[in-house]
């Protein structure tokens, strides 16, 4: 990790960390604007005379750009927050200014929707630079015992952003060119927060970060070393540590003497999933090891499928409402998920910190995936009833709250903080790709039922196929999450024997 800094005064250090958290919250608030697409989707469609499939393409590429976090994540891991923020400043501002300019040439871009799609894709990429800086820097700077709270606070600003921008769009921007004005507002917003990130966001060393570094001198017998600041403290008095690689998981294992085994057994009284998380803290895996790691795949694909379901509903809630003749409630529907996520993210983060030993974060995540299942099932069966559409949307917001609050925390605990940008970037990249597929299928099925000469489709037949696909993805995410929990409980029982 690049550019660690350590002020001498503890109070000054705490002040700088809190200041970084405030700036991170502002940055997350602005990057949350990505999920306000459903608010201006209708104006985008009418302004450029797009089909629903073309609108879904714009939305999907916007989120696919956000999913390209693998590359900004690598940049962050290598160069730190300052350079990453600078890259975000250039990319985001340029892309949103380009989108603003498209409204001056509507006929041309109406015939070439792929050009606007590329602009949205670049907007997504620019946003993920800012996203990575805000999230990763604050995860690293604060102790892991507060990680759920920190990510929850950041996620609440990320979540409340669409509702605030929705109010601005509906109440403040009243001109004929609302879409263009909105894109200009985003350009100015990203310029401001990225400059703040460049100035104020730094990575500060801490005792926890230092203790998580494992150094073994292959030429000397060391009397002791520290593997993890939280759960492992092994003393090596008579033998040199022997390091080997577990071929099935890519996880490093260490030989211990009898006293070490006894100490480990005493520390292993907690639940299986928590044992796994704590034992992996500080573990660095190469790309090859990561891609051969069963836990990484179970966890990541659980997140990918669940996140794709949430993304599809959030981006299409107004389309669903219009198909069901409920578009008069659009102003309320678009606020359900942002408000739910903003309120519940901090609560879920705090609960996961306080009761981590009794209620593993992974168990909460499996429950979150189940919320997506119930959400899609309710909309598929009872969506024509406004109250039940609200309930289905609320359950989706509950799932999103837990998913985006706890998954970054679990990723940092399962695998190394040093590679958080890379690992989390891979996860959101895959989520964006799967989300793209689901949304394109949704748009294709919708357009297949549109009457020739019109742009809109009405009736459950328009959305049944897309919602059914999302429901299938949600069921698969629950299955993968449950498989992760069962697998690692069995492994932990074996360790404790």
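Glycine too: its Cβ is placed from the backbone N, Cα and C atoms.
Residues annotated as compositional bias 'Basic and acidic residues' in TrEMBL: 251-264.
Annotation comment: TrEMBL describes 294-497 as domain 'Major facilitator superfamily (MFS) profile'.
Sequence annotations record features per position, and here TrEMBL assigns region 'Disordered' to 245-273.
Positions annotated as transmembrane segment by TrEMBL: 12-37 (among others).
Within the same chain, residues 48, 72, 75-76, 109, 115-116, 119-120, 122-123, 125-130, 132-133, 180-181, 183-184, 186-187, 190-191, 194-195, 197-198, 201 sit at least 6 positions outside the transmembrane segment (83-102) and bring their C-beta atoms closer than 8 Å to a C-beta of that stretch. Annotation comment: TrEMBL describes 83-102 (among others) as transmembrane segment.
The transmembrane segment feature in TrEMBL is assigned to 114-136 (among others).
Sequence annotations record features per position, and here TrEMBL assigns transmembrane segment to 148-170 (among others).
According to TrEMBL, the feature transmembrane segment maps to 182-204 (among others).
Per TrEMBL, the feature transmembrane segment maps to 298-321 (among others).
For 333-355 (among others), the entry in TrEMBL reads transmembrane segment.
Here the transmembrane segment (362-382) has long-range neighbours at 273, 299, 302-303, 305-306, 309-310, 313, 320, 348, 351-352, 388-389, 391-393, 395-396, 398-399, 401-403, 406-407, 410, 464, 467-468, 470-471, 474-475, 477-478, 481-482, 484-485, 488, meaning same-chain residues at least 6 beyond its ends whose C-beta is under 8 angstroms from one of its own. The transmembrane segment annotation in TrEMBL covers 362-382 (among others).
Among the features that TrEMBL reports, transmembrane segment is placed at 388-411 (among others). Long-range neighbours of the transmembrane segment (388-411) within the same chain, counting only residues 6 or more positions beyond its ends whose Cβ lies under 8 Å from a Cβ of the stretch, are 135, 139, 147-148, 151-152, 155, 158-159, 277, 299, 303, 306-307, 309-310, 313-314, 317, 320-321, 324, 326, 332-333, 336-341, 344-345, 348-349, 352, 361-362, 364-365, 367-369, 371-372, 374-376, 378-379, 382, 420, 423-424, 427.
Sequence annotations record features per position, and here TrEMBL assigns transmembrane segment to 423-446 (among others). Residues 51-57, 59-61, 63-74, 124, 128, 132, 135-136, 290, 296, 300-301, 303-305, 307-309, 311-312, 315-316, 319, 323, 407-408, 411-412, 415-416, 457, 462-466, 469-470, 473 of the same chain, all 6+ positions outside the transmembrane segment (423-446), place their C-beta atoms under 8 angstroms from a C-beta of that stretch.
According to TrEMBL, the feature transmembrane segment maps to 466-486 (among others).
When each of the listed stretches 148-170, 182-204, 466-486 is scored by C-beta pairs under 8 angstroms to the transmembrane segment (114-136), 182-204 comes out highest. With pairs at least 6 apart in sequence, the transmembrane segment (148-170) and the transmembrane segment (333-355) have 3 or more Cβ pairs within the 8 Å limit; the two touch. Each residue in the domain 'Major facilitator superfamily (MFS) profile' (294-497) has a pLDDT score, and their mean in this model is 86.
Counting residues 6+ beyond its ends, the transmembrane segment (466-486) has Cβ neighbours under 8 Å at 272-273, 295, 298-299, 301-306, 308-309, 312-313, 316, 320, 360, 362-363, 365-366, 369-370, 372-373, 375-377, 379-380, 383, 434, 438-439, 441-443, 445-446 in the same chain. Same-chain neighbours of the transmembrane segment (298-321): 35, 37-39, 41-42, 52, 56, 59, 63, 327, 329-330, 333-334, 336-337, 362, 365, 368-369, 372, 375-376, 379, 383, 389, 393, 396, 399-400, 403-404, 407, 410-411, 414, 426-428, 430-431, 434-435, 437-439, 442, 446, 463, 466-467, 470-471, 473-474, 476-477, 480-481, 483-484, 487, counting only residues six or more beyond its ends whose CB sits under 8 Å from a CB of the stretch.
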